[in-house]
Amino acid sequence: MAIIEVNQVTKVFGTDPESILRLMDDGWNKEKIYRERKHTVGVNNVSFSVNEGEIFVIMGLSGSGKSTLVRMLNRLIEPTRGSIAIHGKDIVKMNKEGLIKVRQKQISMVFQKFALFPHRTVVENVEYGLEVQGVDKAVRRKKAIESLTLVGLGDWANSLPSQLSGGMQQRVGLARALANDPDILLMDEAFSALDPLIRKEMQDELLELQEKMKKTIIFITHDLDEALRIGDRILLMKDGGVVQVGTPEEVMTNPANEYVERFVEDVDLSKVLTASSVMRRPETIGLDRGPRVALQLMRESGISNLFVVDRGRRLIGVITAEDASVAVREGRTLEDIVIRDVAVVDKDKLLYQLFDICSTSKHPVAVVNSNNRLMGVIVRGAVLGALAGNPDQRTEQPAEVKPASTEGVSANV
Amino acid sequence: MSKLPLDKWVESIVDALETGLKPLFHVISVIIEGIVNGIANTFHWLPALVFIVLATALGYYLGKWKFAAFTAIGLLLIDNLGLWDHTVDTLALVLTSAILSIVIGVPLGIGSAQSDRVRGIVTPLLDFMQTMPAFVYLIPAVTFFGLGVVPGVIASVIFAVPPTIRLTNLGIRQVPEDLVEAAEAFGSTSRQKLFKLQIPLAMPSIMTGINQTIMLSLSMVVIASMIGAQGIGADVYGAVTQIKTGEGFEAGLAIVVLAIVLDRMTQHIVRKNRRGSNV
């Protein structure tokens, strides 16, 4: 699964990096090395792996070594020590020809300041990667136009980069990186030079493109909001080392140390946590059961409503204890009393998008996946608890199958 | 303390080179003479008026009508003064020096841009070449190549090549780092990086260097005439030795016209390069 495996990679800048490695092994820290030997430790013993198809964000403040780290992934900067395996092959040991092949076919890069070639038209920029591979002119032109169309700039093929706005230029940068059809995309602060509105637009567009293409993306940023928005996983760097690796939610809710905590304390949790992180396991019943069974189940769990699902756990509706006891008296079936008009949200919805729906719905809100399968339920208390950062109020991820806690579900009223 | 016999050392080195490398100097001499004569004969073969029309058209293409008008009037004036043939000889000498300077200078400039070690060797040499009075290296040039146009061209090249080397080096080093990184990140070989990115972007700088080189070699024509190079320089030199102020002025004016035309032409090429930045 891992497409990139970085193992104990270190980069020391200076005239004699080898000697510094020995000092580092003896326990010298970055400051002491700089003070006494005038060498800079850019990246210090970093290991991580990136899975195929994920957006892996490397995040840190300037000077944290993130740009150096990403440049070692395609050896624009030579690592001083360590191995970097791409598809299982260590590129650090590769010869020049092998490295050029990897850069041509497997890894593309998008740059902070776009780095478009000013003397080439937009389409000539986009086809550059194919051109250096020696691809036939007509073929590469066709691919370049396709790639440009993908980012919405098909009409600008013959313009010069200087005639485009910043946002458009970076789209060209993206198109250029995609034209080679690489497995891996390195994006070095790709959106940092853009103004906030355009940046957000580009983030959305990247996520949309990623939905279609399923590339492996290594995204460098110093902006935590950006990291949380687009990252499947985040690696936090400080002083050349790794502080924490985890999903945005793990980083937010379980900061590895004070540094991460300070980083994330200002972040709006409602824009990070998703419905699936605050939902509880639902109590369900099939439509073919009788109202008596339903009442019994509710009594046992101490709750006042039940979600009705079919055999594939697809959501049908909800029944309340009140309706069920009426049905028992009047001899009606669940079919008669099921309320089909239930508030439903997708499991990936962010909390801030749930406020409105939670406050107006009479029943707990159902959380479903894309196939309309019931994943969980959300009660108001859970949303508030999660925003307060109170882990006790939050329940397990759906993956961890645990019986629903009676206490929790009783709040379902 | 007795004087260092530096003069003796240099002379013995020059003597050794002269005897040791005679065949090489002969070959160089034949080549340079061939180029100069080729250019000069072509220009002489063209009637002056045809040449002027062509130059004016080129001026119009590169600049605008103002520059074209200056070219036409200036060259007609030279023809009218009866200095046409000598001017054409001078032009041939200048163009030959320029061509040789480009052939030698651009690769050296590229080399210095790509390797700090090469630059470390080349830079002090250039300083030496530019500050050593031109008259001084006329002497060994004559020893090696005899009298005539060839040592003139050699001296011009030595005097004029440094700007091309320096500005080629500078232009390539000034290509923004992130563009070079981008070229590398997409898997360019060094050669592709050089020809597809660095040289095109360094072109304005390289052309400025070539412009300077042409101007410097033009300033050498009078000096070159002292060792027998034909051309308008010889007219200036003759006027000086015979104290003929009027003739000296006419010949000097012809050099000025030639200089302005060559300068503007190369400058317009630079500008055209900058504008039409398409490959």
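Placement of Cβ uses the backbone N, Cα and C atoms for every residue, glycine included.
Summarising the annotation, TrEMBL assigns domain 'ABC transmembrane type-1' to B:87-266.
Per TrEMBL, transmembrane segment is recorded for B:43-61 (among others).
Feature annotation from TrEMBL assigns transmembrane segment to B:67-84 (among others).
Look at TrEMBL and you will find B:91-114 (among others) tagged as transmembrane segment. Panel annotation: around the transmembrane segment (B:91-114), residues 32, 35-37, 39-40, 43, 122-123, 149, 152-153, 156-157, 160-162, 164-173, 190, 194, 198-199, 206, 209-210, 213-214, 217-218, 220-221, 224, 229, 231, 258, 262 of the same chain, lying at least six beyond its termini, place a Cβ under 8 Å from a Cβ of the stretch.
For B:134-161 (among others), the entry in TrEMBL reads transmembrane segment.
A Cβ distance under 8 Å defines the sequence-distant neighbours of the transmembrane segment (B:201-228), meaning residues of its chain 6+ beyond its ends; these are 90, 93-94, 97-98, 101-102, 105-106, 109, 134-135, 138, 141-142, 147-149, 151-153, 155-157, 159-161, 163-168, 170-172, 174-175, 179, 234, 236-237, 255, 258-259, 262-263, 266-267, 269-270, 273-274. The transmembrane segment annotation in TrEMBL covers B:201-228 (among others).
Sequence annotations record features per position, and here TrEMBL assigns transmembrane segment to B:248-265 (among others). Away from its own ends, the transmembrane segment (B:248-265) comes close to residues 55, 58-59, 62-63, 67, 70-71, 74-75, 77-78, 81, 83, 86-87, 90-91, 94, 211, 214-215, 218, 221-222, 232-233, 235-236, 239-240 of its chain (Cβ-Cβ under 8 Å, at least six residues beyond either end).
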